[in-house]
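According to TrEMBL, the features are:
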type	residues	note
REPEAT	A:317-347	repeat 'PPR'
REPEAT	A:356-390	repeat 'PPR'
REPEAT	A:391-425	repeat 'PPR'
REPEAT	A:539-573	repeat 'PPR'
REPEAT	A:574-608	repeat 'PPR'
REPEAT	A:609-646	repeat 'PPR'
Amino acid sequence: MREQLLITASSILLPPNPSPNPLNPKSYALKRFTLLPKKPCPPPPSPGPPLLSDVSRHPPPDLRLGYYADLASKLASAGRIDDFLMIAESFLATETDPSRFIDFVNVELVSAGISRFLGDGKLRTVVEALGKIEEMGIRPSSLLDGSAKQSLASECRKLVDGGRIEEFVELMESLAGYGFSVKEFVEPFAILKICVKKRDPHMAVRYASIFPHAPILFCSIIQEFGKKQDLVSALIVFEASKWKSDGPNMYVCRSIIDTCGLCGDFLRSRCIFEELLAQNITPNIYVFNSLMNVNGHDLSYTLHVYNHMQTLGVAADVASYNILLKACCLAGRVDLAQDIYKEVQHVASTGALKMDIITYSTTIKVFADAKMWQMALKVKDDMLCAGVNPNIVTWSSLISAFANAGLVEQAVNVFEEMLLAGCEPNTQCCNILLYACVVACQYDRAFRFFRSWVKSGFPNTRGCGGNIYAQLSAKNTGNSGATCVSHHIIDPHQVSFSKVVPFRPTVATYNILMKACGTDFWRAKALMDEMRMLGLYPNHRSWSILIDVCGKAHNVQGAMQAFQNMRNAGITPDVIAYTTAIKACVENKSLKMAFLLFEEMKRYLIQPNLVTYNTLLRARSRYGSLQEVRQCLAIYQDMRKAGYSSNDYFLKELLEEWCEGVIKNSELGPVQMTYPSCSSGKPKTDKPQSLLLEKIAVLLQKDFVKGSSVDLRGLSKVEARIVVLAVLRMIKETYNQGKPIEDDLIIFTGVGTGSGCSESEVQGALIKVLLR
DNA sequence: TTAGGGTTAG
């Protein structure tokens, strides 16, 4: 066979017509004519089929094509791909329709040859040959049968296994262009994951672009980068995706917005949204929902987006409302959440949407957080009426409604009701119940629950008809009036249990238990050790709680040691750990240490927050020296600079006490301070930005020097009096330190805006003070 | 293709 195929190029290029050929053209011609049902011969010019002898003498084009194709096929099967290509090329130079060549080629033979090449590891040669075939206008993929395609795919996979992703992608680009279905070679998602793992967004885009459903793949890549917190790469994919299509794809936009949220860059999500609007593109509901969701912590922005959506005529769906409810929940806006809940109930009544379990659960959480457990129960009834069964999240929110209100018994009842309803508890849910015990200071009860759960787990009611709600809901179906299921009617005897669901505590569980240690430092420490034994690592919260336990036990040393151990354990103290440590110091009169911690956190660029400032400002219930006043005023000013508003009333009271000290001229006894709540007890002179405090802060921060002046403009007579007293006390303190002051003090008394006093009134008040 | 629950400082 092989000898028969030894044909020189020149002999191949000689036209076969009309000379005989070495491969028995007669039998070949007969074979080809009978084997070509798809390409019927041109209709015979005369009635009756042509005679075989006529065909041999004047072979029609198909016959010549068949001859060459068959010859080429046999050469290919013998591993002579170059010869195959040469024949194909020489013939096709005269053929007007190259694609017809395929119809005559013996794909089985060609495939056998190609498989042999692939088996010898000559992948490149095969791909180059396929490239040449493509250049001739022949679709390369149609030359390979299933088996050859599998061999090709297997060779390509070897590149992936060898980590040669770039070569693989390049190959896939070529093969896709040659008509191969490359997604069958290797699962596309697997390749994309490798690109993401290598942090190569460009390669991922290049590979995804091969496929007609590229936008979906772009979404996957963006999401995968998001999971790795790699927003930069995700944005590269997003930008590249824009160039691959006519305009931004809504799927891709939604993905990048979600990813911005996942990576904590919500401002970027807003920019992407603005870009869409700038291009006059109306985002779809998914884009709007994702944008609102990512910015859910900023209620005003979320509402702005919601309004914008309505302006553009994009109808809100149930997810939109759920997100709005979540935003209200985060902002603690029960009032607004109630309005939205009513609105969504109304829309649902028109049939435009159906409230789902998330709508109900989120609303229950809003009420739970606000300790409005009655309202939470009302929503639970609403959901049962609507035929929606509570799930573990709903039950958890209900339990937390009672937990936050300090109602342990009710929390336990709901927990048991949940078990009876056939809902399997998870650790988060159990943690809420433990937390309920802690809020109500039932510490022993928390430990009893914990030990019993660890020992026995929970009964599994799945698959044994335990879900009472499902049963009742099914019974209610078809009733004309709504039959609501109250939370009291469960009969425990209806339910049978089987098997056991184990309880697996988490770090959060132990943290709650540590809180349940009250002031027992050693117990809390033992729990930390127990955590480690279970392979759980104490986190920021664990350490902060331990510090707090020490603080409450009046053990400042222990608190400082715990603070240090936190660092030693590799956990950098955050603002909460610092604030807790500061609190431990403040409550135990270690003020110097408290202020040192404050200085330290600022040195480490940990921004104090409102709680930190308030903890520090309340460190003193009276001020002793000028230095102490200065320290507090500095914190006050720092706080204002950071954008926090302070409890001016409290600070003012302390300052006034201090200032009055100059008149009383005696050591002040302990001052009994009352802490006014936000809603009551505010003096009339209180202004949003206290001019008085600002003036005193500025005055007291610098030493009294020649030419010092006091500007009382804008202050009431009471305030002006305090300022003057402050200056006098400062002078007194300075004098007591042995520094006599002989310079004059200039006082400006012009009445500014908003003081409500005349200049003479202020002056009168001052003279009274100064003459004392 | 979205969206929901737990523990820390006041």
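Quick reminder: no glycine exception, Cβ is built from N, Cα and C everywhere.
The DSSP breakdown of the repeat 'PPR' (A:539-573) into helical (H, G, I), extended (E, B) and coil residues amounts to 26 helix, 0 strand, 9 coil. Under DSSP, the residues of the repeat 'PPR' (A:317-347) split into helix, strand and coil as follows: 28 helix, 0 strand, 3 coil. Taking H, G and I as helix, E and B as strand and the rest as coil, DSSP gives the repeat 'PPR' (A:609-646) the counts 24 helix, 0 strand, 14 coil. Averaged across the repeat 'PPR' (A:317-347), pLDDT in this predicted model comes to 94.
In the repeat 'PPR' (A:391-425), the DSSP tally of helix, strand and coil residues is 26 helix, 0 strand, 9 coil.
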